[in-house]
């Protein structure tokens, strides 16, 4: 499964839940009622190459947002882009969305953070956000985002919008029944996802871990070094 959390910067811990975070949990709870097509943790892993290829195509959208081409999208650039797209978000909503994705507190979203931003825009389903999805050209990416949502729903066994350590272990046990290492693997995967160390994983934390697993952030670091 590739990269692990702990390389390079450490994400911030203990940030308070925002209105946006609560909206994400509620949206995931509603989505969970529809069930999941994933049958095992291996079925999630098998999707990695296709998801990786699709997400890398987001770089074009990232470059459109990154007005000064410094490799990061700051809050003003995000605000300008929304204005150009005629998307009616308040300054507070933009700030909330930006801070939710700027997990390293660099005051700028790097490419892997931008992937999380796009997926959260997909998940949130109010009229303004739905219009934003169309204008940002996310139509072709929606199957990929839906796969990520589906994967989280598979892990969220009790459909409460969060994933616990026991749920991850249970999901991996379903795939590796009888293997003594399955519990240890489950704990490791959970620790890679639980960035704020509070014992539960939100969809946002899952997405950040996923960008590590498919190597998006590693590739970004390599490009920055060139």
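The backbone N, Cα and C atoms fix where each Cβ goes, and this holds for glycine too.
The domain 'EF-hand' feature in TrEMBL is assigned to 53-88, 143-178, 188-216.
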Seminar exercise, completed: In DSSP terms, the domain 'EF-hand' (53-88) comprises 21 helix, 1 strand, 14 coil
Problem set entry | For the domain 'EF-hand' (53-88), mean pLDDT (0 to 100) | 85
